[in-house]
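Comments concern the structure below.
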Amino acid sequence: MWEMLQLPLVVTAQVDLLLVLVSLLAFWTRLSHLSYPNAVVFDEVYYGQFVSLYMKRVFFIDDSGPPLGHMILAFGAYLGGFDGNFAWNRIGAEYPSTVNVWSLRLLPALCGALCVPLIYLLTLELKFSHLSALGAAVLLLLENSLIVQSRFMLLESVLIFFVLLAFFSYLRFHNAPSSWLILSGVSCGAAVGVKYMGVFSYLLLLGVASVHTWNLIGDRTMSVCVQCIYRVVCLLVVPVLLYVFWFYVHLSILNSSGPHDQLMSSAFQASLQGGLSRITQGQPLEVAYGSQVTLRSAVSQPIPCWLHSHKVNYPIRYENGRGSSHQQQITCYPFKDVNNWWIIKDPGRQQLVVDTPPRPVRHGDVIQLVHGMTSRFLNSHDVAAPMSPHAQEVSGYIDFNVSMPAQNLWRVDISNREVESEVWKTILSEVRLVHVNTSAVLKLSGVPLPDWGYRQLEVVAEKLFKVHSSSLGWTVEEHRYGTSQEQKEREAELHSPTHIDVDRKISFWAKFVELQLKMLMVKQEESEHKYSSSPLEWITMETNVAYWLHSSTNAQIHLIGNPVSWGVANLSLLAYQLMAVVYLLRRRRGFKDVPDGVWDQFVCLGCVCVGGWLVNFVPFLLMDKTLFLYHYLPALCYLYLLSPALLEHAHTHLLSVTHQRALCVCVLAVLLSIFLSYRTFCPLTYGSPELSAHQLQGLKWRDTWDILYRRR
């Protein structure tokens, strides 16, 4: 054993000093003075609210993206001891001394810094030189807009980091098959989990991987089936599982009731601590004859509403001259109210209390619904609804003895009985109430009634074939067994709170599916923003975004890119397309200007870089939403990867020695210009030093930029 151990022990390591240098510079530019300014900067006011909700474990919905990005920001806040007690109510609000601002911004800054060495390594995996890798890293390092976006509690730097990591690890696997493909799949799942914008790059990577997999079919030296399965598992199964896992963690953390509960179903709300669960805990599960219930419309989104009635009749005639039944109004009311209570009655009996043992209501049973506070029967007939004349009026039946017989029988149709059961259940069952006499279905039309209806929402009965079935459901939300037959005693019972003792939960998968649907359907109101812009304005940087302005001085921070780098990126995009067209035309005619290996490298560069720019830019041309300059940053990173590699290709394969020297001189001049441009805009990137009004005017290189300053 001792003979096998030879002294001294020697470890040999290779260190890429260029990689170390750009990494250190990246950390310096992104992390130095990270706590300045000590105030809320632009979208920190938006993401900070979600961070506070995470700290308090309060449920919320962000329709703009999945939860991983929010959880990463929340983790940084947790590391700094943030308790969530800060009102994110306006941009520029000062952080109190109890809030660790450095911790809030740490993780986005780390991701932004790591993007620089990642793009260096990614250039090498595209089989270009270390000099090109250094050029790509320098472009990213000195890009003012990326520095700004990295230094605050924002998500673009996190998204870009995972996208670059996904492509780097995939190309590393492609060049030398190993376990790197698993990391690529994990990174894809993380990119999509941070922002849905990550889907664009993920689909591009899948396309590149599909082409590479197709080329493997002709290789008889390996097991194609095993390789295909391995790629499917790593690049399809792993990202999907991770996407679900982010929501599992999200829903596990946010288990308390909050302001967004009303967007969710009654079953979802009841699974959260507090809120509706305090009301629904301990309620009887099975709806029986004699049950007292409130019925919530399944289509009342984003504001919920409940089937309601009150001691006011429809007008004898409406403003347009049409007549009504002049019976008691039936509406849908968006607030908890004692007039939302109804009693399930057996048409064959007068009893309004629950038997012992209770007789549950089943699918297909015919019932009557008695309004708890007025004892009117839910009724419908061949009278036009007040606001929707194509549908039937729904009313609280009053016997006026004017040849208008009662039509108050309703058949219970449990639409999700295959999943739940034939028995009508509290919260879990979605029920359609079908009018027996006319076969019309009780439905919320959603049209507000005039002043005579107190602006409450209209409820109608409509033929089933005329409406979509998803708009017809009603759910029992609050439920108890009635014990009082007399009206006065029953009114007192309805005013009392329901019993509380146990909890009722739904499965994770049910909550996951519902949350996905709500994120797709429920959109927050979009309003025009002062700094919003169109995608075409991003290419030439005709727009900027003011992120922060000191309350009393001219110190300020703007999202403005490095104009020289921006121009280089646009020129490289145009140059690649022109070169590709010329190459393709000449190859079509049989001329091969470069060897096949170089051509494959050129094509791969275009697929990754030009393809990455296209998939991250073109979709925004089709979006109808408020957009900002920072949406362009992922696409811009692909062009910074393209520029040095394209220069190397031209230098090595297309230019003579004289032209090569001239190109080197031009490149050095451009790099110096990029550095000087970076330095020029540093006061707007870091917010210091403070500039005078005259100096700020000098930075307004485009008339469309909105540079703020105070004259003194």
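Each residue, glycine too, has its Cβ placed from N, Cα and C.
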Note = For TrEMBL, the entry transmembrane segment belongs, out of 193-217, 568-592, to 193-217
Query = Reported in the order helix, strand, coil, what are the DSSP residue counts of the domain 'MIR' (284-347)?
reply = 3 helix, 30 strand, 31 coil
Remark   = Answer key: the stretch among 7-28, 68-88, 100-122, 128-147, 662-681 with most Cβ pairs under 8 A to the transmembrane segment (193-217) is 68-88
Note = Here the mean pLDDT of the domain 'MIR' (420-479) is 84
Request  = With Cβ distances under 8 Å as the criterion, find the stretch in 7-28, 68-88, 229-249, 628-650, 662-681 that has the most pairs with the transmembrane segment (128-147).
outcome  = 628-650
Query = Near the transmembrane segment (628-650), which residues from the same chain, at least 6 beyond its ends, have a CB less than 8 A from one of its CBs?
reply = 115, 119, 122-123, 126, 128-129, 131-136, 139-140, 143, 145-146, 149, 154, 156, 159-160, 163-164, 197, 200-201, 529, 531-533, 535, 537-538, 541, 543-545, 559, 561, 565-566, 568-573, 575-576, 579, 598, 601-602, 605, 608-610, 612-613, 616-617, 620, 663, 667
